[in-house]
Amino acid sequence: MTLQQQIIKALGAKPQINAEEEIRRSIDFLKSYLQTYPFIKSLVLGISGGQDSTLAGKLCQMAINELRLETGNESLQFIAVRLPYGVQADEQDCQDAIAFIQPDRVLTVNIKGAVLASEQALREAGIELSDFVRGNEKARERMKAQYSIAGMTSGVVVGTDHAAEAITGFFTKYGDGGTDINPLYRLNKRQGKQLLAALGCPEHLYKKAPTADLEDDRPSLPDEVALGVTYDNIDDYLEGKNVPEQVARTIENWYLKTEHKRRPPITVFDDFWKK
C-alpha cells in the first residue's frame, strides 16, 4: 500500500460522494450521539463566516431541529458563537452565515481582551510572544470560550475538521483542533462545497479564499499560500488521483510532520514518532 493509499484510508476519504447522502450521514451521526448521551443538551460551534463552520453549523441546526421534532425535547439547542478578535474584516460573511444557519442561539465573545491579557502576563514573566504563537493563542482562546459555554449549557463543542485540513495538520493543537465531535471528518474541501450547494448556501460563503486569519503580520493570509499547495491539489490527492511529484511530496511532508496533532498525547506505548 502506498503512502497515499494509507493516508486516504486513515482519513476515511472517498473519491466521490453523493451530497444528499453525506448530509444525511452527518445529521444522523450528530443525532445518534445526542440520543446516546441524553445529558447533552446543546451543540456549541464557533462561526467564522467561512466554508467549514458554515457547513458544520447548518448540519448541527438541522440535527437539533429534527431531534426536537422527533422527541419533543425542547431543551435541545444549537449555539452559534461569534468569536472576533476586535473587529473582524469579513464580519458581513459571518452575519450571512448566521442568516443561512438560523441558529437557536447566537453568542458573541470578543477574545481580544483575553488574548492581550494573557500576552501581558507572559511578558511580565519574561516571555515575549511571536506573531505566530500569538495566532495560536487566539485559536486556543476561542476554544476556551466555547468549552466554557458548553460547560454551562450541558453541551459539547463541535469541530470543523475535515480530510483536507487533517491531512496537513492545518489547525492549532488544543485550539480549533481540540473539539468533542467532528461531523465533517472524511470530506475534502470540494466535497464540503458540494454539500453547501445542495443545502442552498449563498455561494460567496464557500467560494471565498479560505484563511485562518490568525497572524497580525499577515492578516487574511490564504491557507493555500501558507501550505504551499492548493486545495484542489489536496482534494485530488485525497481522491486517489495522480498529482505532480512535488505536490505529493509537500502534502505527504505536512502529513508526516503533523502526525502528533491527529493523536492523543504521546505515551510510552506509542512508537509512531520513531519512524
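Yeah, the Cβs are placed from backbone N, Cα and C, and that goes for glycine too.
These come from Swiss-Prot:
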BINDING   Gly46, Ile47, Ser48, Gly49, Gly50, Gln51, Asp52, Ser53, Thr160, Lys189, Thr211  ATP binding site
BINDING   Asp52, Glu165  Mg(2+) binding site
BINDING   Arg140, Lys173, Asp180, His260, Lys261  deamido-NAD(+) binding site
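For the binding-site residues shown (Asp52, Glu165, Asp180), fewest C-beta neighbours within 10 angstroms: Asp180. Compared over the binding-site residues Arg140, Lys173, His260, Lys261, the count of CB atoms lying within 10 A of a residue's CB peaks at Arg140. For Gly50 (ATP binding site), the nearest of the binding-site residues by C-alpha distance turns out to be Glu165; the candidates were Arg140, Glu165, Asp180, His260, Lys261. It is Thr211, among the binding-site residues Ser48, Thr160, Thr211, whose Cβ has the fewest other Cβ atoms within 10 Å in the structure shown.
For the binding-site residues Gly46, Gly50, counting C-beta atoms within 10 A of each C-beta gives the highest total at Gly46. For the ATP site, whose annotated binding residues are Gly46, Ile47, Ser48, Gly49, Gly50, Gln51, Asp52, Ser53, Thr160, Lys189, Thr211, the maximal Cα to Cα separation is 19 Å.
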